[in-house]
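Trainee: I have a structure I would like to understand better, so I am pasting it below and will then ask my questions one at a time.
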Amino acid sequence: MSSVVVVGTQWGDEGKGKITDFLSEHAEVVARYQGGNNAGHTIVFGGVKYKLHLIPSGIFYKEKICVIGNGLVVDPKALLEELKYLHDRGVSTDNLRVSNRAHVILPYHLKQDELEEASKGDDKIGTTKKGIGPAYMDKAARIGIRMADLLDREAFKEKLERNLAQKNRLFEKMYDTEGFSVEEIFEEYFEYGQQIAQYVCDTSVVLNDALDNNHRVLFEGAQGVMLDIDHGTYPFVTSSNPIAGGVTVGTGVGPAKVTRVVGVCKAYTSRVGDGPFPTELHDEIGHQIREVGREYGTTTGRPRRVGWFDSVVVRHARRVSGLTDLSLNSIDVLTGIPTLKICVAYKCDGKVIDEVPANLNILAKCEPVYEELPGWTEDITGVRSLDELPENARKYVERVSELTGIQLSMFSVGPDRNQTNIVRNVYEA
């Protein structure tokens, strides 16, 4: 039995999709365990670039089972659009499985998300307005509608009527806007469910059977540790648990069945949306990193905020996610910058802090303590091993591994699959 979890160690957008796609080649099952279509991942397969939001990266391999686990919230309309997107490009989706316990995003979740974000004014958290938060709220409040309900005409109608009575009062009384009628949603979304039905099953059985039969299973996280609802920069976070512990809850696989946890990070830092960002760059170097690294959101198209590598953040990710392996991406983006900086600690009110403060007022006051390293000018996009890296690039990579306390297993020098290099095999380590 070999199972590997891929976790983002920063604020998402670390290149998890590419690494998951790369590792998918040697897995028999690929599963997502949290989030929804608020996360985007870009995969290059057969020379073609694909952008996915819900469906796991392994979908391009016909012989591999791809799982949307119970921990996700699924917009049926968005899922069908993504299926069509793949079908139109000749990609089969017969290998997809969707949990019958996954919760469903409905139009009132999208409306609630938009209205709540608008009402916060300057205190907005930067939601993607995909209905993710409200769907997870309903799940916690035990009024959510699950895939199993969507496929049952009577159950779906009964729960939809109950929920709309509540949601419409919210829209009218709190936001002074009209809600929805049952007729506006019911038939359309029930039909969506019927189109998805062929994929729906108990995915916990699928995953545990695979592991019991010694198949390699790859668990694919969305977002990143710093967006985790418990361990991220709350409240500027997502509504689920991207940390490795989210796998057990979000797929129905016990923790003893997870063997390796790969932390994916960039050689610098980026984030979309609001919230504290200690190493953020507002200068010409920041602009250069953003343009060279094409730092614009896959889902939103928003320019990402960028900054120096923050080892405090990645050490935090190592601790709360139990990271065993490091995958360092986008090293090539730093080429040509004369002096590179790595944040090794924070300083606040004269005190040195080695961990991420839970209090955001304190985090906002934190000044990064930097260590400087010389940059490199050589083109590294064709490098295929650590030894081929220029001395300064190799020293930078090694220092990142030392400061984070995570053994380097993979590094990437460009966006293509063949620019990802293996230092050690995570399935056999």
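Going from the start of the chain as shown, residues are counted 1 onward.
Just so it is clear, glycine is given a Cβ too, placed from its N, Cα and C backbone atoms.
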Trainee: From the candidates R89, R97, R302, give the one listed by Swiss-Prot for the same IMP site as D13, E14, G15, K16, N38, A39, G40, H41, T128, R142, Q223, T238.
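Mentor: Matched candidate out of R89, R97, R302, per Swiss-Prot for IMP with D13, E14, G15, K16, N38, A39, G40, H41, T128, R142, Q223, T238: R302.
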Trainee: Using Cβ-Cβ distances, find the residues under 8 Å from G15 (GTP binding site) that belong to the same chain and are at least 6 apart in sequence, listing them in sequence order.
Mentor: V264, K266, S327, N329, S330, S412
Trainee: Whole-number answer please: how many Å between the C-alpha atoms of T300 (substrate binding site) and G40 (IMP binding site)?
Mentor: 9
Trainee: Could you tell me the C-alpha distance between G12 (GTP binding site) and N38 (IMP binding site) in angstrom, no decimals?
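Mentor: G12 (GTP binding site) and N38 (IMP binding site) have their Cα atoms 11 Å apart.
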Trainee: Can you grab the distance from I331 (GTP binding site) over to D13 (IMP binding site)? Cα atoms, rounded to a whole Å.
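Mentor: With the alpha carbons as reference points, the distance is 14 Å.
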